[in-house]
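Here's the structure we're looking at; comments come further down.
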Amino acid sequence: MDFTMTLYLRHYWKDERLSFPSSTNKSMTFDSRLVKKIWVPDVFFVHSKRSFIHDTTTDNIMLRVYPDGQVLYSMRITVTAMCNMDFSRFPLDTQTCTLELESYAYTDEDLMLYWKNGNESLKTDEKISLSQFLIQKFHTTSRLAFYSSTGWYNRLYINFTLRRHIFFFLLQTYFPATLMVMLSWVSFWIDRRAVPARVSLGITTVLTMSTIITGVNASMPRVSYIKAVDIYLWVSFVFVFLSVLEYAAVNYLTTVQERKERKMREKFPCTCGMSHTKTMMLDGMYGDPDTNSLAGYTKSQIATEDVEKQDKMVVHLTLSPNSSTSRKKGIKGHVGLRLMQHTHTIDTYSRMIFPASFIFFNLIYWSVFC
């Protein structure tokens, strides 16, 4: 939570003791050696962490004196100052930082600091650009600061507003998280019996989301509040995790259903105890019409008529007045069972509920934070 700035700090004041007669009214320029022999303002940067005056190849200090005693004192400084940033909307945030200047020894009764031309006192290079921020505006203010032990001091402020570029985080954070959520939905279209495919897909998306969350938090300050990116990533993680739980529920319900069907088959075996049973011999080439045509024959009659055919099979047929109705119900039940084997009701609803919920979350998220 700090910023580093390189600037030219220029002081203007009038000291009549430095006036000199001049016929051409030209100023005289000196280097840093004269600065140590005259009075200069003792301005320092409040809340600065570190700062220094550039000294390559010599001290970057200039002193210019005019005949009437006007003084221009300029130096090139790099300062790193504290900035209390609020990351609750990160990376969709806008930060306002302040650089503060104040006299260290002289109170407001001895020395008054003010901006020479107001906001026009701040001039920046138009080519300056930051990789992560856009400099929106600069403005100046001034007010008094009170210290209980020393008194009131005049303080100058340089306020600048920085808006963070979002495109980098869209590529590195939001798009991968969204793709992982969408990838987790693929399992809803995979056959529920393909356990390795669906489990491996769910675990892969969960681990990928954990890696994205860890990478984002590694480059962030250890703040104690929730950031906007945390909300998006953790909601995405919940969607991915719920897709894994969804398959766990599908697998469990499928197992329970198969167990019930197995018990029903054991309780009601496929034996026929109807009124009349006839025995006949069939080979593998007979169809349903042939079977019906042979229903009135006994085993001995069939053997007498067709003694040349070998490799016959004996089939016990049970005929019932409701045989056609039972057959139709059996076909419908078999088709329904095959459909249930390929999909499940939970999978069908999840294909609609998960995307709709995630789209609804994105609409709320971007409308609130943008």
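Placement of Cβ uses the backbone N, Cα and C atoms for every residue, glycine included.
Annotation source TrEMBL lists domain 'Neurotransmitter-gated ion-channel ligand-binding' at 1-165.
Per TrEMBL, domain 'Neurotransmitter-gated ion-channel transmembrane' is recorded for 173-293.
The feature transmembrane segment is assigned by TrEMBL to 166-187 (among others). Sequence-distant contacts of the transmembrane segment (166-187) (same chain, six or more residues past either end, CB-CB distance under 8 Å): 91-92, 132, 197-198, 201-202, 205, 208-209, 212, 216, 229, 232-233, 236, 239-240, 243-244, 246-247, 350-351, 354-355, 358.
Under the heading transmembrane segment, TrEMBL lists 199-219 (among others). Long-range Cβ contacts of the transmembrane segment (199-219) within its own chain (Cβ-Cβ under 8 Å, at least 6 residues beyond either end) map to 173, 176-177, 180-181, 183-184, 186-187, 190, 229-230, 233-234, 236-237, 240-241, 243-244, 247.
Positions annotated as transmembrane segment by TrEMBL: 231-254 (among others).
TrEMBL lists 348-368 (among others) with the feature transmembrane segment.
Nonlocal intrachain contacts for the transmembrane segment (348-368), taken as residues 6+ away from its ends with a CB within less than 8 angstroms of a stretch CB, comprise 181, 185, 188-189, 228, 231-232, 235, 239, 242-243, 246. Sequence-distant neighbours of the transmembrane segment (231-254) (same chain, 6+ residues past either end, Cβ-Cβ under 8 Å): 173-174, 177-178, 180-181, 184-185, 187-188, 192, 195, 198-199, 202-203, 205-206, 209-210, 212-213, 216, 344, 346-347, 350, 354, 357-358, 361, 365.
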